[in-house]
Amino acid sequence: MSSFLTTITQNFVCTSRLQVRFYAKRAYKKTKNAQLIRAPSRKTLEQPRQVFSFGNFSGLHLPQIKTIETSRKAIESISSFSSLRIFPTVRAAMVQEIKRGYNFKNTYMASKDDLEIKPSPVQVAAIRKINQPRNIKSTKSRTPQSGAEIFSELMAQNDAKRLKVFTIAAETGSGKTWAYTAPMLTKLKEEDMELFNISEATYAEAKAAPIIRALVVLPTHELVDQVYNTLRSANDQKFATDEVVDPKLLSDAKYARFLKAPDQLNGLHLNIKKFGAGDSHRVLFDGIKQRVDVLVTTPGKIQGLAKLQNVDRPFRFFNHVQYCVVDEADTLMDNSWVDDTTAVLRRLTKCKDLVFCSATIPKQFNRTLSKMFPDEKSIIHINTPALHKIPRQIVVKIIDAQVSPYNGSKTRCLAQALYAIHNDGTEAGYVKRILVFVNEKKDVAPLVDVLVKKYGNRAEDIVGITGDTKPEERKGLLEPFLKPAELVEDDIDQSKIKVLVTTDLMARGMNFVGIKNVILMDLPNTSVDLMHRVGRTGRMRQSGRVFVIIDKKTGKSWIKGLPNVVKKGITVG
């Protein structure tokens, strides 16, 4: 157990002993009704939180129980998007977009109209926190008279501009993208409504300004495409405004005037842009000739603007960013990325909301945040109760390559696992997609080669991706894994299985739709990597299987306990 966990346990036990003594004294104290107050047993009071944590493998920070309990109470009290503070047209577009991406294959629902969309735990917790109105009591309606009123007005203006920092941490595949985009789009729409109600000319002038209002940064171009496509899809959704907006709001003159404006009818009508792989700086600058509401990109693409010799002040367009999301923050704040990420953040001088979003909270990430924001109270943490727990709908199986007939060959073990999955009768009629993770990119190509040449798999069924694979080629190879499973007869290659061999590069944030099988060819180096790899299946409460192949070198006794950890819902540390 790490020193961090040891300290927590010691503090917990110390506090519990005081509680035991307190209850022991009360145990014999008579109440008015002559009843005895029973003391909780010492075993109950001193039982610490169970954690699956071993030596250097342990890389995850344990959030405070108080933070998790706060989220739990909010989650239990809300079961509908209508109960959350979301701008009405944003809510309508979001629900339709979520339905659009739902996989209806192998379900009893005939259409998306039969599907009731409910917010996930992280969406409830994050939207409630981030969308809380700032406590601003402005005196703008009249001229401040006294010194106290002037001071109050200045404080209100300062609070309106003050940076708020949020962290969102929730299990993989839990709907984190909408957990941060719903509040962001809501605030953009509310600001537009405020400008429109000042005057239509003020609103029109703001829309024509060459600025970026909100920024989402991610570590890879695949993730840029993924988030951009979600936002663009929501922006493209059409609906009758008077049917999706509460009649009470439409009777409010402030909402009615804005929502009935020609550029607000029947959709979001936002300007969503991406600055991704292969895009020149000219694509970005041409897109900012009028206001960009949301830009999705990587820190590297933004920092690359510094190399431009023929563009005057290329970063000036970022001076007005008010909302920024650092998605896959555990990656973007690690040693490989942190310089580029923090350089981008320093340019956002007018940012009001800064959101760090991640599926895990590595210890290193927590230390980095503490250095950036030494006052712990300046960060608002949003964690779900299931954080750092492998979902119970995922079945984990350990395969020992040391036993017969594998005789120490992990590759033979993998080939047999692929054969067994191919013939196990699951996903009948559909192409089975399987992800295989290795630790080193140098092992990807040789493994693909041996699976084809030695074990008789078709070349079109086994593909490999590393950081060296060109973006356009990567996009084509990934396509079958990023959409719902196809019927075998509809697949261009008539494949019954498709296998992707890759590294942790593809384990971060990628929404592999409906993937049922993940194989860990190599034992992950840390618990952080384990959670991300396992999280490519079992997304959005769907079932999945994870096969961990071990041999003499990696067959440590503790990893064999992983299936039991999942069944008992134990936190991974």
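Yeah, the Cβs are placed from backbone N, Cα and C, and that goes for glycine too.
What Swiss-Prot records for this protein:
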type	residues	note
TRANSIT	1-39	transit peptide
MOTIF	116-123	motif 'Q motif'
DOMAIN	157-379	domain 'Helicase ATP-binding'
BINDING	Ala170, Glu171, Thr172, Gly173, Ser174, Gly175, Lys176, Thr177	ATP binding site
MOTIF	327-330	motif 'DEAD box'
DOMAIN	413-573	domain 'Helicase C-terminal'
Notebook entry, point to check: Taking the Cβ of Thr172 (ATP binding site) as reference, which residues of that chain separated by at least 6 in sequence fall under 8 Å from it?
Noted result: Ala359, Met531, His532, Val534, Gly535, Arg536, Arg539
Next item on the list: For the recorded ATP site, whose residues are Ala170, Glu171, Thr172, Gly173, Ser174, Gly175, Lys176, Thr177, find every other residue on that chain with a C-beta no more than 8 angstroms from the centre of their C-beta atoms, and list them by sequence position.
Entry: Ser120, Val122, Ala179, Ala359, Arg539, Met540
Item checked: Remote residues contacting the motif 'DEAD box' (327-330) - C-beta distance under 8 A, at least 6 residues beyond either end -> 167, 176-177, 180, 216-219, 223, 227, 356-362, 365, 508-509, 528
Margin query: Going by DSSP, is Ala170 (ATP binding site) sitting in a helix, a strand, or coil?
Written below: coil
Note to self: Checking distant contacts: for the motif 'Q motif' (116-123), what same-chain residues at least six beyond its ends satisfy Cβ-Cβ under 8 A?
What the structure shows: 71, 75, 78-81, 84, 95, 98-99, 168, 170-171, 174-176, 178-179, 182, 382, 384-386, 540
Checklist line | Residues that sit under 8 angstroms from Ala170 (ATP binding site) by C-beta distance, when 6+ apart in the chain | finding: Ser120, Pro121, Val122, Ala125, Lys176, Ala179, Ala359, Asn383, Thr384, Ala386, Leu387
Margin query: I want to verify one value. Collapsing DSSP to three states, which class is Thr177 (ATP binding site)?
Written below: helix
Next item on the list: Would you find the one among the binding-site residues Gly173, Gly175 whose Cβ has the most company, meaning other Cβ atoms within 10 Å?
Entry: Gly173
Notebook entry, point to check: What are the non-local neighbours of Thr177 (ATP binding site), defined as same-chain residues 6+ apart in sequence with CB under 8 A from its CB?
Noted result: Val227, Thr230, Asp327
